[in-house]
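A.B. asks: What TrEMBL shows for this protein is this:
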type     : residues                                         : note
BINDING  : N13, N65, G75, N76, N170, E188, R189, G199, T200 : substrate binding site
ACT_SITE : C74                                              : active site, proton donor
ACT_SITE : C198                                             : active site, proton acceptor
Amino acid sequence: MTVTFYKYQGTGNDFIIVDNRLQQIDKNNTKRIEELCDRRFGIGANGFILLENDKIADFKMVYYNADGKESSMCGNGGRCIAAFAKYLGIISSTAEFEAIDGLHKARINGDIVYLQMQNVETIEAYKDHTFLDTGSPHHVELVSQIEAFDVKQNGAKIRYGQPYGRAGSNVNFVEQLSNDRFAVRTYERGVEDETLSCGTGVTAVALAMHKGAKTNSDEVSLKTQGGELKVKFEEDKDGYKNIWLIGPAQQVFKGEIEW
Ligand SMILES: N[C@H](CCC[C@H](N)C(=O)O)C(=O)O
């Protein structure tokens, strides 16, 4: 069966997106998803996203990592699917969509997409790192000379090591650039490599840096290999709420595949 796909990228985190409102895609074919995400034998992407109908929300997002397995929430993918929904005419400039971690609001202003993330109430702060879940699990640790840092080797060691084990975690390495700006490089679970940016990752970094008093700003800029992202939030007695991930999302090309 011929299926039209759309390639999107959000600060270099790239995705194959398919309009699956007619439920044509066999979601159990993880091998096919992995093949399509392959950079050589397929289209190439960090993840595969289905847009589907939802009983209550404007649409539903189903996210798969490049390994073909359904995954936890993808922040940059959430920004891209909102832009895609606008392109399809499903929404105008605001959306509410269902994802694996619940309902998300989105706002689109040209190429910039604002995505509301779930509240975060638990942040585990340790001596040398912080762990929190912003829709996906994230290990956050400060390093120096981040541009020369071996993200893949060090990221894999943490991702597969204790306490994360097989389930693993995404791993974010951070260098502070100013009071409210940080450089971030992320090793992504399910991609098993560094990605040019990670939306739930930079969200985790912003909250971890605020929690750790590295910044007193509730609007933090994150410099990633794929471009600039911003995270805004409010802290209250229960943790963090009204969290917004902000950045560009673009359609790169569209094509057809045999499914
Ligand atoms: N790239 C995604 C993260 C996907 C999470 C996935 N790597 C996992 O946790 O298995 C983002 O922008 O938030």
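The backbone N, Cα and C atoms fix where each Cβ goes, and this holds for glycine too.
All TrEMBL annotations are machine predictions without curation.
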A.B. asks: Where N13 (substrate binding site) and the residue listed as 'active site, proton donor' are concerned, what is their Cα separation in Å, rounded?
C.D. replies: 10
A.B. asks: For the recorded substrate site formed by N13, N65, G75, N76, N170, E188, R189, G199, T200, which further same-chain residues have Cβ atoms within 8 Å of the site's Cβ center?
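C.D. replies: Output for this site, in sequence order: N46, G47, C74, G77, S136, T186, T195, C198, G201.
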A.B. asks: Given the recorded positions C74, G75, N170, R189, tell me which ones have a C-alpha lying within 10 Å of the C-alpha of C198 (active site, proton acceptor).
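C.D. replies: Hits: C74, G75, N170.
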A.B. asks: Sort out for me which one of N13, N170, T200 has the most neighbouring CB atoms within 10 A, since those are the binding-site residues we care about.
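C.D. replies: Of N13, N170, T200, the one with the most crowded Cβ is N13.
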A.B. asks: Which site among C74, C198 has the most other CB atoms no more than 10 Å from its CB, taking these as active-site residues?
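C.D. replies: Output for this query is C198.
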A.B. asks: Determine the Cβ neighbour count for G75 (substrate binding site): the number of other Cβ atoms within 10 Å of its Cβ.
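C.D. replies: A 10 Å sphere around the Cβ of G75 (substrate binding site) contains 29 other Cβ atoms.
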A.B. asks: Given R189 (substrate binding site) and C74 (active site, proton donor), what distance in Å do their CA atoms have, once rounded to a whole number?
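C.D. replies: Checking the Cα atoms of R189 (substrate binding site) and C74 (active site, proton donor) gives a distance of 11 Å.
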A.B. asks: Sort N170 (substrate binding site) into helix, strand or coil using the DSSP assignment.
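C.D. replies: DSSP assigns N170 (substrate binding site) to strand.
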A.B. asks: Ten-angstrom check, please: count other Cβ atoms within 10 Å of the Cβ of R189 (substrate binding site), all chains counted.
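C.D. replies: I count 24 other Cβ atoms within 10 Å of it.
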